[in-house]
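In TrEMBL this protein carries:
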ACT_SITE  194  active site
ACT_SITE  348  active site
ACT_SITE  378  active site
DOMAIN    116-259  domain 'Alpha/beta hydrolase fold-3'
DOMAIN    311-381  domain 'Alpha/beta hydrolase fold-3'
């Protein structure tokens, strides 16, 4: 009898699940903007659809108050089994209360090794030590380096400035204990992708005046998120519907990370959340005139600013904090940063962040090694070792980073 009573419930659940799947397929699989230059378009559509399916189920569970969307998506991502790397010693540790994962080559070495502090991406919504495990293993193995990956606290429980504080704390503790891990104090680099690239930049800037710690040797920024105030640069228009980071999902992360009401989205897109004098002040660094012409040819039309909405400004002006927008840090700080390796992707919503920061660094005399992936998109590095969902661009990014580290 109990089984018979459960049958309608199970049938309803199955129909609902099929409905959710069909909705995701129709709204994302068939409508996502897949540029012709990106190889394997069907593969990218499938990857995008799977991610959106997880996000959609996460949103449903969030509405039902079972768990938050970020928690659900990270939980499913972390179910993937970890690949074995017999040449590496891998340890889960805690620096204070912050979880970290240490990767060290097992082979003995007479010399001290380079050290890599890795801050993962995911917009403080996705991403974890497990989802970046393969990337960190490859970095450690192929550069013969000690890698320390940071599991900073994320949404939904922790928003800005918690990730910055966590990464800063781990970085300081690691720099004070390099001898313990056999790391050369003259070859410590910070590395990150997406928001992790932004965190790496912020850490570098915060440590510029610190004379008590070993100096950061280099910063490696992979399609980094470097400013939170301007959503009107060409890449935001050109790539707004390109997987894996659409404009809508970027805004979801932005609003949640900065604890800003989503109702200001249209105001922010029009540039009406900041005064004219602020735009004029930062135009020298953010203006589209700082970009090469080839990055403005595709589907870009500059839209005039709209008048200031003072209420929006009062609620969103924390975007001007350099701990959110390291791209607008003072020249006096940026000019003293270590050399950089910057990786940008043509079909990335955040492409112009990398291009504008590259120009700032170069204008101030900071050496920059730049790699632009003409067929790349945001998040492509995570397809490394993903079997069917692997994109060759991920290997080219890894090889560029490895070559840069080996040359330090």
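Just so you know, glycine gets a Cβ as well, placed from its N, Cα and C.
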Pairwise Cα distance for residue 194 (active site)/residue 348 (active site) [Å, integer]: 10
Rounded to the nearest Å - Cα separation of residue 348 (active site) and residue 378 (active site): 5
Local confidence of the prediction over the domain 'Alpha/beta hydrolase fold-3' (311-381), expressed as mean pLDDT: 98
Cβ-Cβ neighbours of residue 194 (active site) (radius 10 Å): 29
The domain 'Alpha/beta hydrolase fold-3' (116-259), counted residue by residue under DSSP: helix, strand, coil: 58 helix, 25 strand, 61 coil
